[in-house]
Amino acid sequence: MTFKVIIVGGGPVGLYMAHAFERANIDYVILEQQDTVLNISGQLLFTWPQTVRLFDQIGLLADLENVALGIHHKKRLFGDNGQVTTTSNFWDAMQDNHGYPFLPLLRSELVKILYNHLKGRESNIRVNSRVTDIRPHATGVHVHLADGSLIQGSIVVGADGVHSRTRQIMDSLVAQHALNPARLANKPMVSTFYGIFGRASNVDLGIEPEVFFESRGGGGEGGAVVQCLATKDIVQFVTLKPLPGGPTSERSPRYSDEEMDAYAASLADVAVCPGVKFGDVWAKVQRKSTRMLNQEEGFLDNWFFDRIVLVGDAVHKSTSVNGLGMTCGLHSGAVLANELHSLLSRQREKEEEPSTEELEGAFGRYQEDRKTEVKPIWNGGHAMIREVVKKGWVSWFWDRFVLPWCDMETFAKGLLVSVLLIRQGQILRFVPFEGRGGRVPWARKVVV
């Protein structure tokens with residue numbers, strides 16, 4: 001049987017991996033449980049320069065630039081009174097440093113572009129395909145679907161998000177078969193914060209366009225953070241505050257409109273920018289593209305077992321506060337694709353299919369590489385959300401007097417962020433590509 005990857009999940013990470021496999025000449029199928037991979041999600045995804053570079057490598061840059069929101073400045077402010085504490089041109093500085101801009105993208109637009117550019121979009125994507133079981137065997141995997149179908153392949157890549165069914169099945173297999181105590185089932189993801197992703201009309205609000213506002217510490221005793229970015233017509237926003245009942249590993253409920261209204265009312269007096277409160281924004285909200293949900297956090301120990309491997313939010317999930325969730329997932333996908341391409345290239349020379357042991361070796365290298373890179377980012381996001389929602393004199397003193405003078409984003413035009421994070425971005429090693437550059441050279445380049 002020709003080597004075939006079964007990708008579970010048709011979100012940005014799953015679709016990106018399909019693009020990578022097409023360029024690696026690896027057969028694949030995407031299983032998506034919804035009736036379409038396209039949706040109307042109003043969630044805004046921050047696409048960092050190193051991730052824009054990944055998209056440029058597969059030919060998507062021009063289309064993405066056409067639909068991206070403009071962004072040039074960042075302003076932090078106190079949620080209680082709207083006083084601006086810091087202003088920076090961080091976004092423009094990063095483009096100077098790396099040659100690529102930050103691209104704020106609606107998730108729906110990104111998915112549409114990934115889908116439309118995929119050669120196998122008609123033949124290699126199965127919708128309404130909910131996975132119920134995965135059975136690895138000596139030479140491949142059997143994936144059972146809720147409709148009774150059986151899909152056969154060589155490996156399964158679980159790109160099915162924070163509530164990954166693939167992970168649940170893998171953990172069950174680990175519990176049944178793993179002899180190594182270190183390979184016990186993963187701990188569950190935990191939600192400590194919840195909030196609203198939404199969109200509102202900016203026609204009457206007059207929020208300054210192309211400025212990313214981050215309002216900190218307002219919203220009652222527990223504190224909250226509100227982030228927003230506007231054009232002259234719309235404003236995209238996200239809010240986060242601690243769950244009233246404390247941390248939970250239960251799946252996020254489907255919040256009702258009444259629950260969203262009550263949540264919004266608790267933030268009504270929080271300044272989202274000078275002169276505009278969250279209550280003003282909520283009065284102009286577009287409910288069709290607005291939703292409330294718990295935001296899980298977790299960093300798992302085990303990313304693979306047998307012929308099953310996990311990627312993206314299925315293994316490392318942060319809140320949205322630092323805007324790095326999708327970036328981490330896509331770069332994990334690039335590393336996994338590189339490992340599979342290298343292994344299969346060697347096996348093709350020998351005219352042999354890779355064994356389970358050889359596949360686990362590739363998965364292990366992928367896990368080791370990405371754990372080293374992602375864990376510091378995850379730790380930073382974990383600390384950041386807890387800091388920005390705080391109320392009290394320590395947080396006030398930090399935001400008012402310390403942050404303006406020792407902000408990593410403004411120090412030397414963001415040089416620390418460029419060197420420690422952005423320049424380290426992954427690349428598909430097997431796809432010829434030169435790309436753009438800036439003042440800070442990329443650590444990884446394609447050598448073909």
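Note: Cβ is positioned from N, Cα and C throughout, glycine not excepted.
Since this is a predicted model, take the numbers as computed values, not measurements.
Taken from Swiss-Prot, the feature active site applies to Q227. Mapped onto three states, the DSSP output places Q227 (active site) in strand.
Sequence annotations record features per position, and here Swiss-Prot assigns FAD binding site to E32, R107, D313 based on similarity to another entry.
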If you count the other Cβ atoms within 10 Å of each Cβ, which of the binding-site residues E32, D313 comes out on top?
D313
R107, Q227 as recorded positions, winner by CB count within 10 A:
Q227
FAD binding residues E32, R107, D313: largest Cα-Cα distance, in Å and rounded to whole number:
16
Cα-Cα distance linking Q227 (active site) and E32 (FAD binding site), given in Å to the nearest integer:
31
